[in-house]
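Below are the structure tokens for one structure; questions will follow.
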Amino acid sequence: MLRRAVLCLALAVTAGWAWAAEEEDNVLVLKSSNFAEELAAHKHLLVEFYAPWCGHCKALAPEYAKAAGKLKAEGSDIRLAKVDATEESDLAQQYGVRGYPTIKFFKNGDTASPKEYTAGREADDIVNWLKKRTGPAATTLADSAAAESLVESSEVAVIGFFKDVESDAAKQFLLAAEATDDIPFGLTASSDVFSRYQVHQDGVVLFKKFDEGRNNFEGEVTKEKLLDFIKHNQLPLVIEFTEQTAPKIFGGEIKTHILLFLPRSAADHDGKLSGFKQAAEGFKGKILFIFIDSDHADNQRILEFFGLKKEECPAVRLITLEEEMTKYKPESDELTAEGITEFCQRFLEGKIKPHLMSQELPEDWDRQPVKVLVGKNFEEVAFDEKKNVFVEFYAPWCGHCKQLAPIWDKLGETYKEHQDIVIAKMDSTANEVEAVKVHSFPTLKFFPAGPGRTVIDYNGERTLDGFKKFLESGGQDGAGDEDGLEDLEEAEEPDLEEDDDQKAVRDEL
């Protein structure tokens, strides 16, 4: 009897061990077998669904672990966890994982509606976002030690100094705090804290570990004005584009970005960056100044997007990220503070024309059944009033474009003797035209003969028969909206798209 009891106890303990989550660098490792138990055990749980091959996941890993360690050291009840979605496909499907990394926040074990994590990829961003979701919008600062701890805890922190924390201004401050995900806010009425930071009347101060160190808010305290003040001052004058900073860059409200492509190894690196920073001072809140290390392998796609080669750097380009992306190029290659300032000012005044990339026209562009278009000959060919022109806009790296290539070649062969039908293709990563905005690959458009510069989208089957029916119907059978096209970012190796936030970055760059 005793032996049976001991055996049962051993089995129970072993089973308990089997269900318990392991930890890696303070991050819980979750599986289907322990997911529900860990949700029940932790009131606040942030879960990353990742893939071992995902570059963005690898870049996030040290910051994610750092955030987990920081919260654990503070004695917080917030825990961080991760799930290998390639191994735990049922969990990934259950929680709608369509890209890597996908990060979801579970509160009180609620599996019905976990909140999507949308902030930055640095440890401070993660910690601040979680604290905003689990505590007050602003921490009450009773003394200087508490204030110093808050300021030291993050790259950027905001403190409201109000002698009456129930005042209308203080309430507006709290509304701004509630609307800001990724920055810690503190609220104080302590004369000790006022004195420590040399604040002599009610006000708001943004503290930061870069540039001028602090910014004092001036004017009437309203939620909208505070948010505008924070937007203008929370980022460095010049911010480097990295995996970690990308969400801050593209998640902000400033949609005009000027980019300095500069090799970190350049002899005049510091001087060029200093001039760029000097120019940035006059455009805070209007234009975001971004430095891109043109030597870094991860940034080569961005160079390609702007039609740049490494040997052409340093170089400056400007882009607007509204509904339609538009690029601009300085007339001069001189990268002085004065030259960059003048370029930005002329852009804001509407005096700069968009820059459209074009390859050189190949000598044999029209010798094959499928004609080769570049920016320089597009208008002449596509809008020839005597021709019906069917164009594939492709990217060399796009898997679906590669699959389409032999079919498109057969289509060219089929119509090579037709005098009024032209089958063509254009590499849209190296050529841009004002008449067509390409948002996905492959994009197929038909330019029928006749006046009026008509453009018809093709959204039918990507088969030879489908294309023939479309052409023989005069662009009717298969015409439609572009809702079936592949994403610009399109990952070729994985079954799932990579991380939505990073996809947006590449969509916009």
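Placement of Cβ uses the backbone N, Cα and C atoms for every residue, glycine included.
Quantities reported herein were computed from a predicted structural model and do not represent experimental measurements.
Just lifted these from Swiss-Prot, have a look:
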type	residues	note
SIGNAL	1-18	signal peptide
DOMAIN	19-135	domain 'Thioredoxin 1'
DISULFID	C54-C57	disulfide bond
ACT_SITE	C54	active site, nucleophile
SITE	G55	site 'Contributes to redox potential value'
SITE	H56	site 'Contributes to redox potential value'
ACT_SITE	C57	active site, nucleophile
SITE	R121	site 'Lowers pKa of C-terminal Cys of first active site'
MOD_RES	S332	phosphoserine
MOD_RES	S358	phosphoserine
DISULFID	C398-C401	disulfide bond
ACT_SITE	C398	active site, nucleophile
SITE	G399	site 'Contributes to redox potential value'
SITE	H400	site 'Contributes to redox potential value'
ACT_SITE	C401	active site, nucleophile
MOD_RES	S428	phosphoserine
SITE	R462	site 'Lowers pKa of C-terminal Cys of second active site'
REGION	471-509	region 'Disordered'
Taking the modified residues one at a time (S332, S358, S428), which has its Cβ surrounded by the most other Cβ atoms within 10 Å?
S428
Which entry in the list of recorded sites, H56, R462, has its Cβ near the fewest other Cβ atoms, using 10 Å as the limit?
R462
Spatial neighbours of S428 (phosphoserine) among the recorded positions C57, S358, C398, G399, H400, defined as Cα within 10 A: which are they?
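Final answer, ordered: S358.
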Between H56 (site 'Contributes to redox potential value') and R121 (site 'Lowers pKa of C-terminal Cys of first active site'), what C-alpha distance do you get in Å?
10
Hey, how far is C398 (disulfide bond) from C57 (disulfide bond), Cα to Cα, in Å?
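Answer for this pair: 22 Å between alpha carbons.
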H400 (site 'Contributes to redox potential value'): which of the recorded positions C54, R121, S358 is the nearest Cα neighbour?
C54
Going by Cα-Cα distance, which of the recorded positions (S332, G399, C401) sits nearest to C54 (disulfide bond)?
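Comparing Cα positions, the closest of these recorded positions turns out to be G399.
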Let me know how many other Cβ atoms fall within 10 Å of the Cβ of C54 (disulfide bond).
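I get 21 for this one.
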